[in-house]
Amino acid sequence: MATSAAVRSSMGLTLRLSRVIPDCSTCSLYRLRSCVNSAANLQRTGSADSFRTINRHLQTSIGLYHSEEGSSNAEDPEDVVNVVYIDRSGQRIPVKAKVGDNVLYLAHKHGIELEGACEASLACSTCHVYVNAAHFDKLPEPEEREDDMLDMAAMLQENSRLGCQIILTPELDGIELTLPKVTRNFYVDGHVPKPH
Amino acid sequence: MLTQKVKFTLGQDESLVSDSTHNQYVEVDIYERLPVPFGLVRFGVAPDHPEVKNVINTFTQTAKHSRCSFYGNVNVGKDVSIDELQQAYHAVVLSYGAEGNRSIGVPGEGLAGVYSAKDFVGWYNGLPNCRELSPDLSCETAVILGQGNVALDVARILLSPIDSLKKTDITQPALEALAQSQVRRVLIVGRRGPMQIACTIKELREMVNLPGTRPEMVATDFEGVAEALKDVPRPRKRLTELMLKTALEKPGEKEQERRNKASRIWGFRFFRSPIEVLADPNHNKIAGIRLAVNKLEGSGEGAQAVLTGEEEDVPCGLVVSSIGYKSLSIDPSVPFDSRKAIVPNIMGRVQQAAGLYCSGWLKTGPTGVIATTMNNSFDTARSLMEDMDSGTLDLSAAKPGSQSISALLEKRGVKPVTFSDWEKIDNVEMMRGEASGKPREKLLKVEEMLQDFSVNAGH
């Protein structure tokens with residue numbers, strides 16, 4: 001028993017080091033806790049299952065990552081949701097998004113400086129945005145955990161929400177999301193850095 | 001070529017590194033005293049708050065940027081001086097946080113059984129110099145001084161069911177000690193009233209919902225609170241409403257049943273300041289704590305606690321003092337305000353010290369969550385970039401950067417730990433954790449962290 005556990009462990013390390021097992025920390029599924037092959041699950045399966053699971057994981061994660069991202073050749077016009085981000089220097093950045101897109105990851109995709117320190121797990125308030133009045137009421141009520149995190153955000157307003165909890169729907173077409181001016185400095189030349 | 005040094009704790013100037021279209025070509029070197037990075041995210045955030053630690057992924061991306069280098073196991077102030085760093089780099093950013101703590105300032109504070117929250121948290125989170133704390137958990141009642149989030153973390157870790165702690169990255173020695181713990185009642189004591197409590201609602205809710213526990217509060221502590229809530233901002237209002245509900249409302253049937261079955265108790269005690277830690281005359285350890293009773297003058301955040309002359313003795317076997325961290329001076333050449341325990345600065349620029357900046361708790365004092373400290377660091381980065389653009393920072397001469405510092409360190413027998421060395425430590429910890437169903441089993445000694453973990457190193 002102990003020997004086979006040790007073999008599985010060392011195989012795991014070898015596979016990770018030679019990159020056969022993907023690096024979960026960069027996958028959005030893992031970050032959103034939607035990954036069926038997370039470590040907890042892998043532990044419960046036997047060694048033979050681990051190998052099948054690895055292959056399934058490679059296909060699943062790549063496939064779903066593309067569709068979650070939202071390809072720019074979005075064929076169905078009814079799927080398109082127009083979003084405007086207003087960055088911290090007041091610049092308006094219009095974005096063509098898709099139904100189902102997450103406001104935080106959409107911002108990252110378009111180089112908008114919205115941080116997501118806890119990776120959408122309702123453990124921080126760094127993705128705090130203001131929602132324009134016309135669309136604020138169209139959003140579903142925040143769950144208690146979101147309200148708890150919002151309470152810690154600087155410059156909280158009536159129309160404050162956490163970007164990672166906003167999923168785009170057709171009736172949110174035209175939504176405008178303003179990034180709060182939470183720092184006392186912006187770039188001298190109005191330059192916006194790419195998020196990392 | 002601009003190179004600069006950042007001492008890495010939680011705050012990090014990642015915008016400097018990722019801003020690749022800026023006029024200058026910026027390189028950032030990070031010097032850290034421990035072999036492992038991430039500071040409070042690794043050693044301060046509670047083991048049962050793993051989502052808060054996700055920010056490590058952001059830090060990792062930054063550290064692996066081609067123009068960013070990490071040098072762990074380098075003690076600035078001892079292995080290399082600030083002056084030497086300033087000679088090697090165009091700019092130096094001090095970001096080393098607050099590793100000291102405020103002392104209670106009362107007789108008996110040095111008795112066995114009294115710990116600072118900084119050390120207690122360091123102990124369960126694997127900070128190497130807290131490894132041998134061995135807190136005595138054989139008493140029934142523990143008193144925590146302070147009512148901030150750190151105080152609530154300590155209370156929660158003391159009272160959590162062992163089964164939930166078993167699956168976290170809490171250290172094995174702490175887990176074993178807590179499994180044997182006799183502590184059944186934790187009082188969280190503050191000088192002022194419910195409306196001045198410093199914790200936030202997420203942590204309070206976790207205590208209210210902690211399995212196997214029930215709340216025990218003093219109803220009279222809440223007199224006048226409900227009435228004062230009308231014009232209070234939303235965060236304070238929601239927090240206070242949850243406290244009122246927990247302290248005063250008659251629970252529903254299910255909740256009452258749950259409370260009846262609970263074997264562990266927690267509660268806030270308000271309007272109490274410590275005046276003396278009382279010793280057990282037969283053993284050289286704590287028997288209780290003497291508290292002064294206060295009343296409030298003024299209201300809201302600015303209310304002051306004033307002594308009434310009354311006193312109260314609370315028998316207990318464990319006192320954890322959670323009244324605030326404190327920054328220490330790193331080098332006499334760096335200006336330091338010992339009253340506020342920060343480096344005096346304007347927007348992160350250290351006063352009267354060209355080329356020297358500060359960020360994080362060292363800049364503003366030891367309060368704030370990740371969002372606050374992150375924005376604080378971004379501000380410092382922008383001040384630095386403004387100075388680069390305006391010529392305030394003299395970039396005319398090239399500086400040797402890590403080349404000269406590495407040579408100095410080698411001469412002095414200091415071997416820095418690179419980020420890829422850390423990644424090997426990371427893998428070892430995760431593998432060790434897998435065996436017991438934990439996300440990682442932290443290495444607890446610096447010597448262990450400095451081992452050679454290469455795959456072909458004969459393990």
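Keep in mind that glycine also has a Cβ here, set from the backbone N, Cα and C atoms.
Taken from TrEMBL, the feature FAD binding site covers B:E32, B:L40, B:V76, B:W361, B:G368, B:V369, B:I370. The NADP(+) binding site annotation in TrEMBL covers B:Q147, B:G148, B:N149, B:V150, B:R191, B:R192, B:E203, B:G368.
Positions of TrEMBL features highlighted on the structure.
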residue: B:N149; record: NADP(+) binding site; Cβ contacts under 8 Å, 6 or more apart: B:A198, B:C199, B:T200, B:E203
residue: B:V150; record: NADP(+) binding site; Cβ contacts under 8 Å, 6 or more apart: B:G44, B:A117, B:V121, B:S322
residue: B:R191; record: NADP(+) binding site; Cβ contacts under 8 Å, 6 or more apart: B:F271, B:R272, B:S273, B:N294, B:A305
residue: B:R192; record: NADP(+) binding site; Cβ contacts under 8 Å, 6 or more apart: B:F270, B:F271, B:N294, B:L296, B:A303, B:Q304, B:A305
residue: B:G368; record: FAD binding site; Cβ contacts under 8 Å, 6 or more apart: B:W361, B:N376
residue: B:V369; record: FAD binding site; Cβ contacts under 8 Å, 6 or more apart: B:T200
Give me the Cα-Cα distance between B:L40 (FAD binding site) and B:G148 (NADP(+) binding site), rounded to a whole Å. 16
Can you tell which of the binding-site residues B:E32, B:V76, B:I370 lies nearest to B:Q147 (NADP(+) binding site) in space, using Cα positions? B:I370
Widest Cα span across the NADP(+) binders B:Q147, B:G148, B:N149, B:V150, B:R191, B:R192, B:E203, B:G368, in Å? 20
Return the residue, from the listed binding-site residues B:E32, B:E203, with the maximum count of other C-beta atoms within 10 angstroms of its C-beta. B:E32
Taking each of B:Q147, B:E203, B:V369, B:I370 in turn, which of these binding-site residues have a Cβ less than 8 Å away from a Cβ in chain A? B:V369, B:I370
Cα distance (Å, whole number) from B:G148 (NADP(+) binding site) to B:I370 (FAD binding site): 15
Report, in whole Å, the straight Cα-to-Cα distance of B:G148 (NADP(+) binding site) from B:E32 (FAD binding site). 27
Pairwise C-alpha maximum, in angstrom, for the residues (B:E32, B:L40, B:V76, B:W361, B:G368, B:V369, B:I370) that bind FAD according to the record: 26
CA pair B:V76 (FAD binding site) / B:G148 (NADP(+) binding site), Å rounded to integer, equals 31
